[in-house]
Each structure stands twice: as C-alpha cells, then as structure tokens.
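Engineer: Per TrEMBL, transmembrane segment is recorded for 33-52, 72-100, 121-144, 164-190. Sequence annotations record features per position, and here TrEMBL assigns region 'Disordered' to 216-235, 243-292. Marked as domain 'FtsK' by TrEMBL: 534-750. The ATP binding site annotation in TrEMBL covers GLY551, THR552, THR553, GLY554, SER555, GLY556, LYS557, SER558.
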Amino acid sequence: MAHSGETNNTESNTRELKDASFSDLLSRVVKEGGLIVIIGFAVFLLLALTGYDNRDPGWSHLGYQPEARNFTGYVGAWLADLSLSVFGLAAWLIPLMLFLPALRFMLRSHVALLDGIPFMMLRITGAILVLLSLATLAATHLSNADGQLPFSMGGLVGQAVSDLAVSLFSLIGSSVVLWTALLFGLTLLLELSWSQLLEQLGKAVFGLGTKLKPAPRVTAAPEESNPYASEDEEKRNLLRAAARHGPSDSLIQADPAAVSPRSARREPVFSQPAAETGNQPFDDSLPEFKAGSAPLISAPDELIKTAQKPSAVTSTTMEMSPEDVFQAGGQAASRISDTVDPEFSHGSDPLAGIDSEAADRKSLKVVPLSEAHTPMKDSELGLDHITPAARKRQPRRKIPSMDLLDAPELKQGHCYSDEQLEQMSRLLESKLKDFGIVAEVVEVNPGPVITRFEMQPAPGVKASRITNLARDLARSMAVMSVRVVEVIAGKSVIGIEIPNEERQMVRLSEVLNSKPYKEASSKLTLGLGNDIAGNPVVANLAKMPHLLVAGTTGSGKSVGVNAMLLSLLFKATPDEVRLMLVDPKMLELSIYEGIPHLLAPVITDMKEAAGGLRWCVAEMERRYKLMSKMGVRNIAGYNDKVTEARERGAPLLDPLWNPEEEGLPSDAPAPYLETLPYIVVCIDEFADMMMVVGKKVEELIARIAQKARAAGIHLILATQRPSVDVITGLIKANIPTRIGFQVSSKIDSRTVLDQSGAEHLLGNGDMLYLPAGSSLPNRVHGAFVSDDEVHRVVEAWKKIGAPDYLITDLSDVVEGGGGFAGGDSDDEQDALYDDAVAFVTETRKASISSVQRKLKIGYNRAARMIESMEAAGVVTQAGHNGAREVLAPPPPKD
Ligand SMILES: Nc1ncnc2c1ncn2[C@@H]1O[C@H](COP(=O)(O)OP(=O)(O)OP(=O)(O)O)[C@@H](O)[C@H]1O
C-alpha cells in the first residue's frame, strides 16, 4: 500500500511537473517569442531609419525616384518615412523604446506580468513624454530648411505641439516646459535618479581627470589642498550610508521590481563589468543606466552638444581652485543667460546660436503696415473737410472730369514671403552684430512698396549708429537702398525700411479719387501720393503755406510737381486759383500753356520770372491794403465778405479807388469788389533763377514767403540742386514745408529736410514729406502722372476757357535795360530814373502806380525804381499799409 501510495504520489508529482513545465513553457514561448518579434521589429526600424533617403517613395509622398534606395526595401522606406513624418528626429527613439522594455522584461523573468502593470504604465507615460517633448523641441529649435525630413525636424506631431506650446508659453516659456517634460519623462521611463546620475558623472569625470593629469590641487592631497573635495567625499559617504540603510529615492523605493542596486551599491555602475551584475535577481540597473545615455547618443548632433555641455564645464572645474570654480560657474551661468536672452548672446556659442536662431524664427511677428502704420493726421496735413451743407451751397462749376486720368493698375506690389522675411530678419540682426550692434527684429511690417523691420536695440545703442550703416545693410541685404527710421511715433523701436522686390505704382487718379481729396474744402489741396501703408496723402498748400521740393535729376520731382498742379486743376476754377508757372528748362511746365488759370504765359526767361515775383509782391501789398480797409484778416475772410455782400444784393465798392491815379475825373464811380483768387507760383528749377537773377530773387521770395500767406499767395519751389547757395538760410527760414525726393548725398538731404534720409530713398517718386513745424518726415510714395494725362487735362481746361493774363508787363522789365540783367544791377541806371525821382519828390507821392502812369512804364519797372529810391534814401520803406513817405526835398525850380 505504502508502495502504491508512493507510486501515486510520484505520478501526481510528475503530472504537476508536466503541467507546470507546460504552462512555463507556454509562457516562456510567448514571452521569448514576443520578445524576439519586438527586438526584430526594433532592429528593422533602426535599419530603415539608417537607410532613409528622402527621395524614396514613402508615406508622405510618392517619391522622386522609382526605386527605393533604402536597404530595407519599400516597406522599410515607407516605415521610416511614416515614423519620421510623425515624430521627426524623435523617431530614432522608437526602436530604442521597443528594445529597452524588451530587455527589461527578459531580465525580470520571475516578475509576474500583473505585478509589473503599474510600473509599465509609468514607463509608457514616460516614453510618450520623452517622445513628444523631444519631437517638439526639435520642431521648435531645429530648422528643416534643407528638407532632410518630410515635414519638420519634429514631424507633424512635434510641429503641432510646438505651435501650441509657443502660442501658450512663448518661445522661452515653452522651452522651459518642454525640457521639464523631457526630464520628467526620462525619469519615469528610465526610473532614473538624477542625484545619483550627477554624482556618478562627477565621479567619472573626477576619475578621468585624475587619470589623465595628476592635478596637484585635487589629486595629490585632496583633503589638504581642496577642502571642497574632502567635504564632497564626506557627503558622498553619508549618502552612500543612507542609500544602504534607507530610502534615497522615492521612485526607486516605490518600485520593488526596480529597486536599483545602484542605490545600495554605487561604485560598480561604471567600473564593474556587466557580467558581475547580470545575475543579480532584480538587476536591470546596468542596461537601464546604459539606456539612460543611449537616447542622447542617438539624438541629433546639436542635442548631443547640448547634453555634453554641462559635463564639459564640470571637467574643467574639477581641476580648478575654488575661485576658478566660482568664475567658471559664473561663465556657465552667463552662457545659459545668453541662450535665454538673445540680446546678449555670443555668436561663437553654438548653443546660443541655436537658441537665438529659433528665437528669431518664433518671435517674428508679421503685421502688415496697413495695421501697424499710423497715417498722418489731418492737422499735420492742414486738411479741413467740406461740410455737406457747404457742398450743397457751392455753385455748379465747370471742372474737367477725373476720368481723364488713367485708372490705377490692379497689379499689387510683390511682397516678400514669410520665409524671406524670417531670413532677412536674421540677416539684419547678424549684420548689425558684425558691426558690434545688438538689436532684435521684433516685428515686420510688409507694405505695398517697402517692408519695415522694427528693431529693438539693446540698451545703450544709439539709433544714429544704425543709420550710419544704412548703406552697408543695403549691400548685405542685396537691395537698392535701406532707410533707417530713427523714430517711429508711438513706438520705442527703430524702423528699417527695405524696398520690396517689385514696387506697386501709385496713380494720381487713385489719390484724387480718395475720400481725403474729395472731402477737402481747400481749393489748394494737393494729392501727393500714398504713405508706406497705402493710405492716400493729401495736403493743403494754403496751410503749408509754401513748399520747397528738392530731388536729384530723375528722382520724380517733375512728376510730383505735375501731380500737384493737376490736383489744383481738379479742385479749382480760374476764379479761385491762378497760377504763375516758371519753367527755365522750357519743357516741364510749358505743357500748361494756354490754360485759363495762368496769370501770365508760362515764364521761361529768368529775368521775366523775377518780374513775375515782383508783380506778386505788389499784388500782395495791394491785397493787404484791401484787407485792412475791409477789416478782414485773410483772403478767405475777404472773399466771404465780398460774396456775402453780393448775395445780399449790396455789392461792395473798391475802397482803394483813386480815379485821379487812373486819369479819370474825380467823380468817376468806383468799381465793385471781386473775390480774389489764390495765387500759386510754381518755379520748376529754382536754382537757375538764383544763378541768373541773384540775390534779388532771394529777397523777393523771402518777402513773399513771409507775408503772402494771408494774401493767398503761395510758392512751390522745386530744385534739383539742393545746395546751400540755392536753398539759402533766408529761403529755408521762410519756407517751412519741404518735400525731399531722392538726393545724392546726406548733405543735400540735410539742406532740404534738416536731416539725413532722402539719400536712402528709392527714386521714381519716393519722397519724404516734412510738414511745417515738424521734425519727423513722412515717407510718401509719390503719385505718378504721365505727360499724356497732363495733356488731356490741359486740353480739357483750354476748351472751358481762354487765359485772361493779369500780368502784362513782364517784357517791360527786360526792356528796361540795366534792370535785372546781372542780378545786382543798379536800378538807378534806368534812363527814366531821374524823371521818376523828380516826379516823386515834386508830388510827394511815392506810389508805384502813379510813377507807372506818369512815365507810362510797366508796373515792375516803376516798382524797381521806387525800391532804388528807397535804397538811395529818397523815400522811406513801405509802411504796414504799403505807403511810403518822401524824404528828399523837391527838386529846385529852374
Ligand atoms: N511717382 C512715380 N511713380 C513711378 N515712377 C515715377 C514716379 N515719378 C517719377 N517716376 C519715374 O521717374 C522718371 C523721372 O521722373 P521725373 O522726370 O519727374 O524726374 P525729375 O526729378 O524731374 O528729373 P529731372 O530733374 O531730370 O526732370 C519718370 O520718367 C518716371 O518714369
């Protein structure tokens, strides 16, 4: 029985054993088979990634070559493309992440699967975090400009998370979040203790240093010479003891399967061969540690450099004195701050290079100039709007239609692409850095003609230093010219204006059909062009009240003057505005010959031009007298009064009427007063006039400029020679509004605008408009008007009416002989001068018109003789009402 009992026992044991070995076998087969499949897949993927060729057909594209070059074939090419498309560079981690748990699983053969599930979940979370954060960091900081990878360096997932993170945390904030997520993920994935890792690293480096160079300070007698070293050693001993006896790392302690012998046994981690630790029951520490460094090894070069940096710092500090250690620490800290603050980054530091490059890319804010630019205010342009009531009251006037002008082209100027803007921003920063200027592009404003880069200079950088580099910047950006705007109203940045590849032309019809022109109440409204954002710029000449236009030949000055004149011709009838055009070149303004607005035929002779100016002075004085008699302050008030009286049915009589002076009986009735037109004197080449007529013209212009505003006489002086002998101090002081087209030098720009800038304009109508009393010029892209358009408008006006010239005695001035020829000629040489003096001293009347009538000469000649009498002390200066006293005694009677 006993025997049979024994036999039974043995049988059941054998059955149990059989059962046990079968389940064991099954589980082993499942485990090991699964393991082999996983490792096999990991190896395949690794090979596929290694053989990746972006021209192969794949998941993201059909392929640029029919045959897959990948040595794992079509499937490998497809798989590599898929993983790189999704995760970018981080795809290289996938084989590793498959291999690692497989290895761990193999080593922990006795741990039940269920027991490991919480830890598996932790590791999977860690793996996902590492994968995502690495992909995102790669997408954020690394450029895929060469297109090595299908989408971005971080793949579709990395790019999406990067965009979200940067929008939520900004570039710097998201970098911090991502690095934190990466380190946290690594901690979960590798069950890593950072304090131990650092300790081991330090130890390894220390050991290496000792081996390579027996540094006396540290290695020879560490206890004596380096108190820090001995302290460190003590700390480590304490830590070691604590690790042996108690919990040192919560994570490691929490995971019984992962209780790392590293915490109990530190030294062997690097020095002990794997074989010694391989048979330890829970020992997965060694592969785990190796794996801990593995992702960094397979990561891109930049990341490797990044990871190696701190250890490099450590290795040097180990051989230094304590002071050196602090210094090196400071340097390392400053290097880190460099990476954070691009203002202080050093070009030589690759880490800083990567960060600052990325900062440029991500912080680049593109805002169109139409949103970023503040248009000029109406007050700056002197614009008053016509009220709807006033518009209704306006009598119907005959003015040609604006349809005569060419319609604007629909073609838009070609702006730079986002990538180009990004590259240009970086180029600008690096070029400035080459010149020792730290500045960051904070915003880019593309416009129709130029693109403005707004730069924030580092504290202490003077804007003028950047201005002085305008030419160098233009050269390095390969553009025609670069203008630096030192002050942008309402912003603390400096603007760098770079011309677009293709420029949009501004047509006059576009400006004149705009609301500001149409609604402007002034008859002297000028359409200038569009500002940099494309808003129309329309200004009121009446408020300027005189305008100086300068620009080198071909800069668009004549086109600009034509645009201004056409603006007047579309706004005013000859009753409202009269023109005196002076055109020494005999080609630009002669086209206007015959329009009813002309006061005299277009003047091409400089001596006649001086006569015209003299007429203006006389007219100005006459208007002053009229205004003072009527008790009004300006021509607008005068015209209102005359119109109102006329409308009341009680028209006003001329208060200055002197029938005797006209040779009429004393009871001849005075004529009714008429409204006075504004007078615009436009001189196309003002330098020629200065050359031929000399000082006198300067005085006449100064005189008109000083007083003519109230009398409604306005000057537009244009010159292509903006030198100080042409634009003299006297003229500049009296002509406050300036337009600078492109000029050839900084000095010329200063002469016109009192500041540099016009030398960096683009030509072809690009101008700087400096309103009176302002020091900030406004860039305007001038309106283009062709000769054909001018011709059409002129013809239309000629059909409406013939000119009624008010200045008739221009030739008289020339006939007068010695007059203006030679500029400072002596007017006393006039053959009739003695007769004039005799007449004035006899009648005790120093009136130009009486001399004119008595001697039967033109107004100008008489005026010059009176001026000569003033110079000779025969008569006094004209008083505020234009009257002069006669000082010289009457001639002795024969
Ligand atoms: N606003 C503009 N837009 C586009 N092109 C322009 C504009 N103004 C001028 N241009 C171009 O520049 C050329 C020269 O212009 P313009 O004749 O006005 O120069 P300028 O300064 O008067 O020269 P010059 O003193 O020799 O007469 C014009 O023929 C035209 O092609």
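Cβ coordinates come from backbone N, Cα and C, glycine included.
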Engineer: Take a look at 33-52, 72-100, 164-190 and tell me which one has the most Cβ pairs under 8 Å to the transmembrane segment (121-144).
Structural biologist: 164-190
Engineer: Counting across all protein chains shown, how many other Cβ atoms sit within 10 Å of the Cβ of LYS557 (ATP binding site)?
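Structural biologist: A count of 26.
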Engineer: By a 10 A CB contact count over all chains shown, which of the binding-site residues listed here is most packed: THR553, SER555?
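Structural biologist: Result for the most crowded candidate: SER555.
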Engineer: Around the C-beta of THR552 (ATP binding site), how many further C-beta atoms are within 10 angstroms, looking at every protein chain?
Structural biologist: 20
Engineer: From the centroid of the CB atoms of GLY551, THR552, THR553, GLY554, SER555, GLY556, LYS557, SER558, the recorded ATP site, which same-chain residues not already listed sit within 8 A by their CB, in sequence order?
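Structural biologist: Leaving out the recorded residues gives GLN720, PHE741, GLN742, GLY763.
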Engineer: As a check: which entries in THR552, GLY556, LYS557, the binding-site residues, place their Cβ less than 6 Å from an atom of ligand 1?
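Structural biologist: Cβ < 6 Å from ligand 1, in sequence order: GLY556, LYS557.
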Engineer: Kindly state the mean pLDDT of the domain 'FtsK' (534-750) in the predicted structure.
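Structural biologist: 88, rounded to a whole number.
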Engineer: Taking a Cβ cut-off under 8 Å, which residues six or more beyond the ends of the transmembrane segment (72-100) line up next to it in the same chain?
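Structural biologist: Residues packing against the transmembrane segment (72-100) from afar: 38-39, 41-49, 51-53, 56-61, 63, 127, 130-132, 134-135, 138-139, 142, 149-159, 189, 287, 291, 294-295, 298-300.
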Engineer: With every protein chain in view, how many other Cβ atoms are within 10 Å of the Cβ of SER558 (ATP binding site)?
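Structural biologist: Taking every protein chain into account, the count is 23.
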Engineer: For GLY554 (ATP binding site), write down the residues of its own chain that are at least 6 apart in sequence and whose Cβ falls under 8 Å from its Cβ; none is a fine answer.
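Structural biologist: The list for GLY554 (ATP binding site) reads GLY763, given in order along the sequence.
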Engineer: Counting Cβ atoms within 10 Å of each candidate's own Cβ, which of the binding-site residues GLY551, GLY556 comes out highest?
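Structural biologist: It comes out as GLY551.
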